[in-house]
Amino acid sequence: MEARLVLGSSSERRKAVLESFRIPFICVSPDFDERSIVYSGDPFKYTKELAWNKANVVRSQGFSDALIITADTVVVYKGEVFNKPESEEHAVEMLRTLSGSSHSVITTLVLMQNEKVLSASENTQVSFIDIPPQHLKTYVRSFSSLKRCGGYCVQDGGGLIIKQIEGCVYNIQGLPIKTLNQLLMEFNISLWDYLV
């Protein structure tokens, strides 16, 4: 019998990616202050710690026997981590910094059920066009930049600023499905069985 599946996330994009399969799940927003974890220079360790803490919070919210999926995604440019912008001005500054260059998008997934905890990370390289300065504010207002690490999105018209992607596009949306499926298979679940 398959475990109840819980996506521990408030991200609409993560939810939408998982909804593209027929796998039954519920979405629970973990009540966790991400600012409580300090970035120490290793984005893989940082995202793993954040995702692990989110999973533990979800487990403590009455889902102790469920299979819990959590994730954390960051943009990394020249060693600096870009999380979700704090304001429109902050989002514009992030995009200005990333304009015309390449950066990494790193997501770490944590799957937790009872005492079994697995994690894996995905790294995608993204290159931006030289974004015309006069379009930065319009972009930020058009694509809910405050809800997205790095202040941008890849879906819909958000991809207008993207020149090239090397790696998993779903990673940029916060839920790399190939990596997720590999971890789910360790719990005897395969996304292949839930294709629409």
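The backbone N, Cα and C atoms fix where each Cβ goes, and this holds for glycine too.
Note that this is a predicted model, so its numbers are computed, not measured.
In three-state terms derived from DSSP, R13 (site 'Important for substrate specificity') belongs to a helical segment. With a cut-off of 8 Å between CB atoms and residues at least 6 apart in sequence, the same chain places C153, Q155, Q173, G174, L175 near R13 (site 'Important for substrate specificity'), listed in sequence order. Marked as site 'Important for substrate specificity' by Swiss-Prot: R13 (among others).
Here Swiss-Prot flags D72 as active site, proton acceptor, drawing on sequence analysis. Counting only same-chain residues at least 6 apart in sequence, those with a Cβ under 8 Å from the Cβ of D72 (active site, proton acceptor) are E34, Y46, T47, K48, L50, A51, K54, T107, T108. Under DSSP, D72 (active site, proton acceptor) is assigned to a strand (E or B) in the three-state scheme.
Summarising the annotation, Swiss-Prot assigns site 'Important for substrate specificity' to T73 (among others). In sequence order, T47, V105, I106, T107, C149, N171, I172, G174 are the residues near T73 (site 'Important for substrate specificity'), counting only same-chain partners six or more apart with C-beta under 8 A.
What Swiss-Prot lists as site 'Important for substrate specificity' is Q155 (among others). Neighbours of Q155 (site 'Important for substrate specificity'), defined as other CB atoms within 10 A of its CB across all chains, total 13.
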